Amino acid sequence: MTKLYNDFGIKLTMGAHILESNSSGNLTPAVSEAGTVLPGYLVVILSVLMVTLVVVVVAGNALVIMAFIVDKTLRNQSNYFFLNLAISDFLVGAFCIPVYIPYNLTGRWMLGKGLCKVWLVMDYLLCTASVFNIVLISYDRFLSVTRAVKYRAQRNMTRRAVFKMVAVWVLAFLLYGPAIIFWETVVGQSVVPSHECYAEFYFTWYFLLSASTFEFFTPFVSVAFFNLSIYLNIHRRNKNSSTCCEDEPKNHNSKKQKDPTGWSVFFVKTRKPTASCLGPGRRTQGSRLSRDKKIAKSLAIIVCIFGVCWAPYTLLMIIRAACSGECVPNYWYEITFWLLWLNSAINPFLYPLCHSSFRRAFSKILCPKRQSVQPQIEIQSC
């Protein structure tokens, strides 16, 4: 989602100012047309923060990708979707942010119009693919909880997972790619100055509203629905499980009681679960319920972070376009814009919350000596 910001002569978008070189070659604060001065030390701080974000995004998502190479137990249908998300986030950190940093600091695009379009296509594609991957992960978690039997039967069908992964990239490209490439041709002219780089539809509010419906509003409603469905499913199963273990022993003072199979089940005065509640079937159900609770918690975190990172930008983008950039200060728009990329840095750290197997894979990569002396126990994903 690349958007640039010299609409009011402001060259550093985090503030209305740039650094200019004086005759001695030193950097000194400059006063922009807006009359606001940004101290040199603040530019340095911003530069360090941007570079740090690049390092975190690249390193974090590279770790997830390496985990799939190192640990074969991660290679199942649901985890492939995490891999797809990591690839899109990794490319955001490896390409989109580094190319944008010089433009952000200087206020001038110096790489030519051709590379500008490549960068725009990549930025919109990767950010949109990241959103669609979150929806795909949420849908997969939804199926694993609400349609557990059918889901387990299809869990190792890699071909179907690959098809869904490819579909994410195709749909993400179709949403913005053709508009970025052909908008100028269709309209007959370009409204973007040669020293700037933003999409031709930057101020076309009706297009942005339509695209945002598919890029944010529909995905957000979808993941919220999946999360709510998982919660209700777990709540119902948890209630049924509690009812079973509480209601089954009707007479706690009796010495013994016959069950339908003829075996005697003994009860003591202190209340304990019945044999059926402690049986293999109940233990398996309890294990799955515990796993599904972890899925619900991790998915809720993903949904909340997704909403926090995307909602401010999406709303401001539409408002800004509707009023031709005159009602939203640039710095607010810029802050919400960086939140999108911050989401790519947060995602890799959410995986350990969802998968104990990811924790093991990360530990194997970061602490290989420690792993070599520990028994290799396959840990099921949450």
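Each residue, glycine too, has its Cβ placed from N, Cα and C.
According to TrEMBL:
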- 60-351: domain 'G-protein coupled receptors family 1 profile' (DOMAIN)
- 41-69: transmembrane segment (TRANSMEM)
- 81-101: transmembrane segment (TRANSMEM)
- 121-140: transmembrane segment (TRANSMEM)
- 161-183: transmembrane segment (TRANSMEM)
- 203-232: transmembrane segment (TRANSMEM)
- 298-319: transmembrane segment (TRANSMEM)
- 331-354: transmembrane segment (TRANSMEM)
Recorded stretch that, among 81-101, 161-183, 331-354, has the most CB pairs under 8 Å to the transmembrane segment (203-232): 161-183
Averaged pLDDT score, the domain 'G-protein coupled receptors family 1 profile' (60-351): 81
Best-contacting stretch, by C-beta pairs under 8 Å, relative to the transmembrane segment (298-319) and drawn from 41-69, 121-140, 161-183: 121-140
